[in-house]
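Written below as structure tokens is the structure these notes are about.
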């Protein structure tokens with residue numbers, strides 16, 4: 001996509017120097033630095049498509065299971081499409097389609113948050129962006145391959161979560177598992193930000209400069225962190241509302257007894 005190529009200049013020498021200066025603090029080769037600039041530019045466009053998907057769902061109600069199926073179809077199609085120069089535009093289109101579909105599937109949660117606590121939505125997004133940039137930047141600045149050991153560990157934790165969820169379908173106890181998945185899952189995907197960033201770097205240093213796949217991995221990490229942080233903040237805001245409501249009722253009850 002020409003838009004992706006244009007946006008990559010924002011992260012490169014022709015635009016603001018913040019990201020380019022960060023990469024210069026690393027020991028990455030110039031070609032790998034340019035590759036990571038393209039990865040983050042592609043990720044930015046992918047997030048825009050996801051936001052558009054959320055907006056489409058809020059306006060039309062299109063999404064839900066249809067969005068999930070669309071996301072799965074685009075992801076599988078992308079996985080079976082070879083990473084060749086001739087298929088780059090097709091693979092970028094499939095990635096943007098997957099992001100759009102995932103956005104429509106998350107639309108109901110975003111709409112609920114916007115209706116109940118609009119400020120929580122902005123806080124969750126800005127918080128996710130800040131956390132993501134810090135962790136991804138830390139992975140770029142850290143010693144080479146220092147976080148690659150996390151891959152097997154994080155995959156094992158996700159496998160345990162999947163097994164536990166399967167067990168709870170038959171035994172109950174879903175609330176406790178949901179609480180564990182919410183907070184532990186947040187930590188797991190923060191670990192994946194470190195891992196996937198360094199994995200993209202090491203692949204690029206080895207000659208595998210697949211910007212679409214690297215951006216897809218980071219997009220999944222970003223959305224997983226965003227959803228969990230959004231739910232945590234929304235639940236906390238709901239609890240505060242309940243506590244304030246109980247305090248107001250107790251206060252009114254105390255005034256009535258005083259009047260009597």
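Glycine is treated like the rest: Cβ placed from N, Cα and C.
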Can you identify, from 148-170, 217-239, the stretch that TrEMBL calls transmembrane segment? 148-170
Examine the ranges 19-38, 39-58 and name the one recorded by TrEMBL as transmembrane segment. 39-58
Long-range environment of the transmembrane segment (120-141) - Cβ separation under 8 angstroms, sequence gap at least 6: 22-23, 25-26, 28, 36, 110, 113-114, 147, 190, 193-195, 197-198, 201, 218, 221-222, 225-226, 229-230, 233-234, 237
